[in-house]
Every structure is written in C-alpha cells, then in structure tokens.
C-alpha cells in the first residue's frame, strides 16, 4: 500500500528507483554555498549543450537556489510536476528534472537527431520509417528511446575489446525480457577476450556458442524500428559505437522472414508476402538441385514435355548437368560479389557484362542450356527475398549442399538433405530458445483459448 | 523445456503413416480372403487398448525413460537383458525401414544409382540426426509431418476419387469380411498403432502427458488401415493385387496427375514417404541408441566420452545395416514379418512390465 502511494507522488528517490538500471541516467547535485539543487536527465535523449547553457550556467551565476528554482519554473515550456508517472514520462521524452527541496520542475532539453540520421541501405522498405542506425552510439540510443518511451526499457553500458574499447549498450525491456537469456548474454560478454571489435556481425560471431553453424542466431539490423519491435517482444538488443548496426537476440528462424512493412500492409497482403518469401527460399534451395536430379538421374519424374525441353536445351552442352549448374551458380556469385564491391560509376558494367554477354553468349556458344540461364536468374533473385541479409547469405551457401547431394544421389539426395537440415534447424537453440519448429501451432492453441473457443 | 502432449500424437501419426510403406499392406493383402478385414477391426481395438494402457502407466513416471524406470524397480540382472533386447528390436525396426527404402529407391526411382551409395546417404543423415536431443527430434518430426501430411492427404484423396478406382473390387472384397481374424494380419495391422512405444525414451521430455480424445487415434488408425487395405485392391483387383511386392508404390504409380509439373503420383508419394521414413528411422535409432547408452556405465557428464560412445554405437548400427544389405528381397520380407510379430509381443510385455514396475514402486512406498 505505502509503496503504491509513494510511487504516485513525484519524488527524486521515486524516480531514481524506477529508472534504476538506466546506464544513461545522469544524476548530479549542483551545490553553491547557499544550498543545492538536484539535476536528473537521460543523456541519450537530451541536448548536453542546452543543459549546460540553460540549466547549469544560470545556477552558478545566480548562486541562489530559491531564485534559481523560480527562474526554472517560469521558463517557457517548463512544467512543475507532482505525480510520479508523469515525472518519469517527461524524463523519458527529453526533459531534465531539477529538484529543489521537495519540488520538482521539468525543463525541456530534448535532442532530436533528425538531421544526422541516414536512410536505411540494406533493409529498405516501401512504406514506413526510413531512419537507420548511425555510427554514433548516442544518436542510436536517442533513436530508440524516442520510439520506446517506457521506464521498463533499461540500458546497461559496457566496453568490449582491449584495444578498440568499443562502447556497447545492452537494451532490454525489464518487464518482458527473459532473465535467463539476459544472464547468459552477460556471462558471455564478460568472458569475451577480444582485442578489436568493429562490427556488430563480429560480435554475434563471438557470443554464439557453436563454431560450426550456417544459420544466424542473432539479427543484425540497421533499423531502429526493428530493434524497438523486438524489444517489445522481450528480446535483448546490443548497440555498438562506431557501427551502424544493432544485434537483437535471441532470434529464431521465423524472425528473419519478417519485414518491417508487413505490419503496414493489409493482413492478407502481409501474409501473401510472407508466403512469397518462404516460396523464394524453397526455390533458391531446391531449383538447382532438382535441375540436376531431373536431368542427370530422374528425367522420368517431370512430364515428358518438360524433360524433352530441358534435354533439348542441353543438347549442345558438353558436360554433365552438375558441372553446368556449379559453373553458372559460381558465375552468379561472382557477379553478386563484384557488383557489391564495384564503385558506383562502373556498376552498370557488371550488369551488362553479366546479364547480356554471359547469358546470351554462353547459350549461343552452347556452353549452357537456355533453361539453366532462367533457372540461375530465378535462384539469384529469389535468394534476396529474405529481408535480413544474414539469413539470405546463409541460404546462399546452403543451396550448394543441396546441389552436391543431388549430384551424388539425385532426388533421394535432395530428400536426405531436406531431412538433415530440417532436423539440424530444429536442434538449434538461440540462447536457450528453440530456433525452429511449427511455432504457429503453439499460437493457434493459445489464441483459441484466449477467444474462449477450443473447448 | 518440456514437450507438449501434442507431440505424442505426432509420434502416433508417424507410425500409422509409414506402415503403408512395406510390410503391413503385404501381410494384410496376403490374407485378404482369410480374415484380413476382421483382423483390422481386432487390431483397432487392441491397438487403442494398448495405447490407453501404456499412456496410463507411463504417466505414473513423469520425465522418466524406460531405463530409469527399470533401474528403479527391477533387479539389474533382469532389467539389463530386457533393455538390451528392446534396444536390438528398435535398431532392427529402424534398419528395416532403411533397407526397404533402399530397395524401393532402386526399383522405382533411381535404378542406376548404386544401392550402397543410397544406403550410405541414408545412414549419414540418420546417424548424424539420431544424436540430436529428443525434444528437437519431436520438433523436427512435427515439421516433417507438416510438410508431408498435405501431400499424403492429397495422394489418398486423389487415389480414392480416381475414375479408375474399382469400387466393385472393393465391394467384392468386403464379402469376405466375416472370416475369423488371423494372427499374422493382426500383428501387421497393430503396427499402425505402435507409434506410442517410442515414448519409452521420449517420455523423458514429457512431464504429465494429457491425452484428450483417444478415440481420434483409433478412428485415424482405422481409416489408415482401410485405405492401406482397400485402395490397392481398387486398382489391381482382388487377385491381381498379390503380384506386387511394394503394393502401395505400384498403386501410387497407377495414378496420373493431370495438371502439374510431375505427372506420376509415384514421385509425390515417394517424396512424402521417404522423408517420413527417414525421420522415423532417426527416431527409432535414437531410442535404440539411448537404450544401449543407458546400459553402459555412467560417463560422469563428460560430453566427449558420451560422444565417443554414441559414435561407437551408431557405427555398429550402420555397419550392421550395411551387412544386412546382403539379404535379398525374400529374406528381408521374412525378417520384416518376424519382427512385426516379435514387436507385438514385445509391446504387450513392455506394458505388463511397466505395470509391474509401478506396482513394485507403490508397494515399496507404502
């Protein structure tokens, strides 16, 4: 009872209690011989210059706390607050709190980092926010705090790397986070022995336990809205200074197929888009392998017409389908990699050389079947339907396992690979959470119960 | 983390679906004039009864596998040989599925691939995956069922609504229903229901199994058995059906898909069932491996030592299967039928043993 009432009334100690675990909370007392005032603000959402100019400097110039307090309280935009919840709300939205005796006054020093924030590059969406995380930790924290104004969002700071001394912030929603995940993460971060840490992806490599793995277990994202979305789901985010990416964990397989504009679309459109992505992944994994199986091992599986068509297009190809597929897929990888590294000005050269010369000339020369060219383009394009880069790269590598299995055993190789990777995915855990299973069956059960159906 | 009761149904469904692959349809169709149909009914009743009794008694041991239960109730001299026998049974169950599928692959899909290569491919994935922890295996099983079940349903519906399906042959067959049941057929048909038996190890991840609607299991089992039995008759005729070794694969090969890239139903059928068969072999070998492991002295929680043992056990499993590959189709079939029988008595014995263990423990506590 008493605790509740205590919370209701605004007091410095009450605020401190609620914001415990806020690594970016600044809590100072300013003292002159005539008395002292307390100053509280959250660094990441406030403007340091405005604070020193408008709050700290006048205090020492006046040297009189009572006069100073009335100066602060009368300042346009300031607010005298008596209720606890409102006080925390104001602090989180970029106010500084000045406490004198029992009175609290809030002074607007919000910093909005609109100008220096860049647009997203690797995770573009059609509608919705386009702010990207920058390379400055303070800016990033500002971007996230502004989107997640809750006292439950805690930030803890640590330094990683003996030489690089990279500042890292661990963010989580205290009420929703799984404490085991948090404990495991902190333990791993403590036991890290690194000299240099420069990128978020690097850190994800070090904090995942097993060395041999093809699937990412943490999301590396540049979108603050994705970070916020995941924080609200009870996940932990790590932000690093000097890199424009955040790590979100624990991340399960399905998380990598969520684009941030799924929520903006109508429900059926969103579901259709998700289905497209799954289809894309299935095609990029299976098409090359099935092509090998159908041409070299089991042409009788497909319709006669298709088998003849493929056979006809391969009539001049002087080597088995496995060589053809590997050759073309490696070519495709070269193109993708090269167009990534090429300077902007020469970029179009790659597409011309790749698309026109390689595609046209190779088929004209009879080195590659026409169907193969179509197939390779489909594979390359559908690979990039996955919204998150890490996963789309994993799948890019994964398809070669299927190709090799198909080259050795035909269709049955594809089946073996499918079973193997399904079970491998299911055996993975991301910070103790199952990585892959039919999650929707779990949610169907609970949503039925919520609606009072089922029984 | 513990498994939800839903996964019990997955284990059941897996077995009831893969029974269509090899031995069950052949055994049933061999005795089609001598009581196969009445045997199906008997099998549905006994199968459901077994499931009911087994889940009742295993529920008294939440989170415990067969080795732990036996160790706590039976003298070591009795428990160890029993567990070893069961382990061998489980090993053979998995190995037979693999061997059947090698034969099927050779006959229906890739006649030019070397059988050893196919088996090595199977063994690689089965050995690697049977080391996975039981909970993940259950997740994997569910995902596999999610992939294959729609295909299997499609195959079944497509088979039954086909104009080439002769209902007359089926009706003709039904006139033989009143024949008294036959032991061989009952043993074969109850295999449909024996998915629950894998709980001997998987019970370790179930804490308090809550089963609702057991009648769904018997209904599903009955439907599966009826489809298994009647659909081949509808395609090959009451007499012609006996000429086929892998009856259901030939049946699937009799069906044409008019509007799809793949024209022959066989390949859809083969894809679905090979996926499911691999997963079921993985699950059976996982159980076999765990039973063998339980009889070795404790490793003291060292993962390296456990890994070494698992590699040895799975190596023996794989080597044994490669050796068994020298059997011809006839011997494979004989072994399969023998195993169907032994398995049935084994199940009965296991349930009785579990009740006995429960009785011993309760008396000790009192």
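Residue 1 is the first one shown; counting continues down the chain.
Backbone N, Cα and C define each Cβ position, glycine as well.
Please treat TrEMBL annotations as automatic predictions, because they have not gone through curation.
Note that the structure is a prediction, hence the values are computed from the model and not measured.
Feature list (source: TrEMBL):
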type: TRANSMEM; residues: B:7-24; note: transmembrane segment
type: TRANSMEM; residues: B:36-55; note: transmembrane segment
type: TRANSMEM; residues: B:76-101; note: transmembrane segment
type: TRANSMEM; residues: B:113-130; note: transmembrane segment
type: TRANSMEM; residues: B:137-157; note: transmembrane segment
type: TRANSMEM; residues: B:183-202; note: transmembrane segment
type: TRANSMEM; residues: B:214-233; note: transmembrane segment
type: TRANSMEM; residues: B:267-287; note: transmembrane segment
type: TRANSMEM; residues: B:307-324; note: transmembrane segment
type: TRANSMEM; residues: B:344-361; note: transmembrane segment
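Under 8 Å from some Cβ of the transmembrane segment (B:344-361) lie the Cβ atoms of residues 50, 53-54, 57-58, 60-61, 66, 69-70, 72-74, 82, 85-86, 89, 186-187, 190-191, 194, 197, 200, all in the same chain and six or more residues away from its ends. Long-range contacts of the transmembrane segment (B:183-202) within the same chain, counting only residues at least 6 positions beyond its ends with a Cβ under 8 Å from a Cβ of the stretch, are 3, 7-8, 11-16, 19, 23-24, 27-28, 30-31, 35-36, 39-40, 42-44, 46-48, 50-51, 54-55, 58, 65-66, 86, 134, 137-138, 209, 217, 221, 224-225, 228, 283-284, 286-287, 290-291, 337, 340-341, 343-344, 347, 350. When each of the listed stretches B:7-24, B:76-101, B:214-233 is scored by C-beta pairs under 8 angstroms to the transmembrane segment (B:307-324), B:76-101 comes out highest. Here the transmembrane segment (B:267-287) has long-range neighbours at 11, 14-15, 17-18, 20-21, 90-91, 93-95, 97-98, 100-101, 104-105, 108-109, 122, 125-127, 129-132, 134, 137, 140-141, 144-145, 147-148, 151-152, 154-155, 198, 200-202, 248-249, 252, 257, 314, 317, meaning same-chain residues at least 6 beyond its ends whose C-beta is under 8 angstroms from one of its own. Among B:7-24, B:36-55, B:76-101, B:113-130, B:137-157, B:36-55 has the largest number of CB pairs under 8 A with the transmembrane segment (B:214-233). Counting Cβ pairs under 8 Å that are 6 or more residues apart, the transmembrane segment (B:7-24) and the transmembrane segment (B:137-157) reach 3 or more and are in contact.
It is B:113-130 that, among the stretches B:36-55, B:113-130, B:137-157, forms the most Cβ pairs under 8 Å with the transmembrane segment (B:76-101).
Below 8 angstroms of C-beta separation, residues 94, 98-99, 101-103, 105-106, 137, 140, 278, 281-283, 285-286, 289, 314-315, 317-318, 321-322, 325 of the same chain, each at least six residues beyond the ends of the transmembrane segment (B:113-130), sit close to that stretch.
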